[in-house]
Amino acid sequence: MTLIHKKSLKLDILILISTLAIITFGIGNYGLYEPHEGHFAMVAQEMILRKDWLTPYLNGAPYLNKPPLLYWLIAISIKIFGTTEFAVRLPIALSGWLGIIIAWLWSRELWGIVASRIAVIMLTVTTGWFIFTHQLLIDVLLGTLLLASNYFLWKLLSQPKSYIFFLAFYGCLSLCLLTKGLIGIAFPLAGLLGLIIIKRNNKIVQKIKLGQGILLIIAITLPWFIAVEKANPGFLHYFIFNEHLNRIFDRRFPPDYEVSKISALGYLGITAVWCLPWILFFPSVIKFAWQQYQTKHQSAIILLAIAFTLPILVFLPLSSRLIYYSIPAIAPYIILCAGYFSYHSFKIYGFISILIGVVCLSTIYFLPQLSIFLLSINNKTEINQLIFTVLITLGVGFLVAGIAMLRNRYLLSLLSLFIAWTITYIAVTKGFVIYQYLRSSKSLIQTASPCLNLNTLWVFEGSREIGAAGAMSFYLNQNQSDFKTFNQLGWVTGKHGNSYRIVMVLSDAGNNRLPPKFPGELPSYLINKAQLQFYWNSDRNVVFVTDFLRQQNDPNDPPDLNLPQDSGQPLLEIASRKLYGNLPARKDWCQSNLSKYQGIKKQ
């Protein structure tokens, strides 16, 4: 390796380490958002508490809607770093960073050093990639594995005798299957099929040893599926039909997150938002991809184009589409965008960038009027300050970038946007911290727990997703020592006699809160209103937490619909969450630790 190459590699390593700092910035500073983050975190925590890494459990009952890879990664992280928000979000952040490294590698091999560095900078600050490395969802992990699958397929096509690329390609396909199920493996195989059709070359199948590869995938993945089916009869039928076929036709039970569903037009719009700010160059990137298609890079362009379009086109006609389903499209688009950016002059975008900058700065004038949309948020002043910071930063960033583009100073324009969006994401992370009081039960649990004894029975009204109860269980068990067998309602026991706490959930709380149905026995966490009232009237401490996702204006779902008799006034109220206690709980209740949340409670 020459001295120039060594210096170049050192600079690349420095850039990649810097992006790791950005990607992981603030991931431990805010509580788990519900229901999605609570679900993943508690399943992983229960693997450790139960000492059972085979069957996923949530709130003490089998939870069979997803394969185990992300749960395993989070559980390993918890074992290393402890039961913290940083630990549970770290695997997703690292998977996002690995996606950046793959984008760097692929861009470098296609268009050289400059393009690879541009790809790193672009992907690090792409809106969707940053946000979803800071939220515990599966899509960035899947996006990275899909990108890796396509990259190693491309390498295998050029070096068909390489066992490294053979194992890497089919290994990534196996991980896709263990991440998202059949849809995870369908996308890269569709890319392979598209490549065969477009190039009219059936020999590709032989070239990549598809038969041997399928056997390898089966060898890696089938043991887990067989073992879970044996431990939970009916799992495979449920997994294939409810989690795949019924999900496609929006008949899955329980329904997908209603708050995340979106119209077809909205799906296209939100995909554009996830690709900001680089969606600005979309028309020229398409033209660039077509030009590159006619060069020696044809196979790579086909794979990247299919990887970009599939997550958009497949879900576009489906009513079950969610706002984050297009996240895997980001990285392939950014690679193409980096290639275009390293090759072309684009003065027209200078004018567009200046216009965007002017719009951002002009919006500051209307900031007081925007406050009416923040009625449900108590920290309005902080939110307004963050919005002001974002508008100033983006306004100046786009203005400088636009002027730099007009003067053909493309590195300056890129760095200007990179810095502006990095500062913006610091503000976004602060926003996550502020917004946690609306979307996380962390404050409620950590405030109430010191005021209640260990024997307290926690009951949750229920919600559209059991993940909300999972987050409460996560915080009830956070940093707790192992308990030996504890035979009381509200506790469950794992494989080796260790007990941990769960949150009971109403089974008859209305149509908005129907519990999930998995193969096997009814979940042990279910409790009906009559049973709740029995315990409420007993000498045991019992607390009841209301549904924070309740539609406030629904006349058929008033706030007191499921309250037990003699519930009294709430002991604690944080945003839309209310915690009620029975008479023994009210007697034990303390007022210490409550002043910290004075600004967000309504008592």
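Backbone N, Cα and C atoms are what each Cβ position is placed from, and that goes for glycine too.
Here TrEMBL flags 65-225 as domain 'Glycosyltransferase RgtA/B/C/D-like'.
Sequence-distant contacts of the transmembrane segment (12-33) (same chain, six or more residues past either end, CB-CB distance under 8 Å): 41, 84-90, 93-94, 96-97, 100-101, 104, 113, 116-117, 120-121, 124-125, 130, 133-136, 422, 425-426, 429-430, 432-433, 435-436, 439-443, 471, 474-475. Taken from TrEMBL, the feature transmembrane segment covers 12-33 (among others).
Under the heading transmembrane segment, TrEMBL lists 53-74 (among others). Counting residues 6+ beyond its ends, the transmembrane segment (53-74) has Cβ neighbours under 8 Å at 39-44, 46-47, 87-88, 91-92, 95, 136, 138, 141, 175, 177-181, 224, 227-228, 231-232, 235, 238-239, 242-243, 466-467, 469-470, 473, 492, 502-503, 505, 516, 518-520, 523-525 in the same chain.
Annotated transmembrane segment per TrEMBL: 86-106 (among others), in sequence order.
What TrEMBL records for 112-131 (among others) is transmembrane segment.
Positions annotated as transmembrane segment by TrEMBL: 136-153 (among others). Residues 32-33, 36-37, 40-41, 66, 69-70, 73-74, 88-89, 91-92, 95-96, 98-99, 102-103, 105-106, 129, 165, 168-169, 172-173, 175-176, 179-180, 184, 187-188, 191-192, 208, 303-304, 307, 324-325, 327-332 of the same chain lie 6 or more positions beyond the ends of the transmembrane segment (136-153) yet place their CB under 8 Å from a CB of it.
When Cβ-Cβ distances below 8 Å are used as the criterion, the transmembrane segment (165-198) is approached by residues 66-70, 138, 141-142, 145-146, 148-150, 152-153, 155-156, 159, 204-205, 208-209, 212-213, 216-217, 220-221, 224, 239-240, 243-244, 299, 302-303, 306-307, 310-311, 314, 328 of the same chain, each at least six residues removed from its ends. Marked as transmembrane segment by TrEMBL: 165-198 (among others).
Here the transmembrane segment (210-228) has Cβ contacts under 8 Å with residues 54-55, 64, 67-68, 166-167, 169-171, 173-174, 177-178, 185, 235-236 of the same chain, all six or more residues outside its ends. The transmembrane segment annotation in TrEMBL covers 210-228 (among others).
For the transmembrane segment (264-286), the residues of the chain that approach it from at least six positions outside its boundaries are 122, 125-129, 131, 312, 315-317, 321, 323, 325-327, 329-330, 333-334, 336-337, 340-341, 344, 346, 349, 352-353, 356, 398, 417, 421, judged by C-beta separation under 8 angstroms. According to TrEMBL, the transmembrane segment annotation covers 264-286 (among others).
For 298-316 (among others), the entry in TrEMBL reads transmembrane segment.
Within its own chain, the transmembrane segment (348-367) has Cβ neighbours under 8 Å at 280-281, 284, 384, 387-388, 391-392, 394-406, 413, counting only residues six or more beyond its boundaries. Summarising the annotation, TrEMBL assigns transmembrane segment to 348-367 (among others).
Under the heading transmembrane segment, TrEMBL lists 387-406 (among others). If one looks beyond the transmembrane segment (387-406) by at least 6 residues along the same chain, the residues whose Cβ comes under 8 Å of a Cβ in the stretch are 277, 346-347, 349-361, 363-364, 367, 370, 412-414, 416-417, 419-421, 423-424, 427-428.
Tertiary proximity for the transmembrane segment (418-438) is limited to same-chain residues at least six positions away from its ends with a CB under 8 Å from its CB atoms, namely 22, 25-26, 29-31, 33, 121-122, 124-125, 127, 130-131, 134, 277, 376-379, 382-383, 386, 389-390, 393-394, 396-398, 401, 548, 574-576, 597, 600. The feature transmembrane segment is assigned by TrEMBL to 418-438 (among others).
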Predicted model, mean pLDDT over the domain 'Glycosyltransferase RgtA/B/C/D-like' (65-225): 96
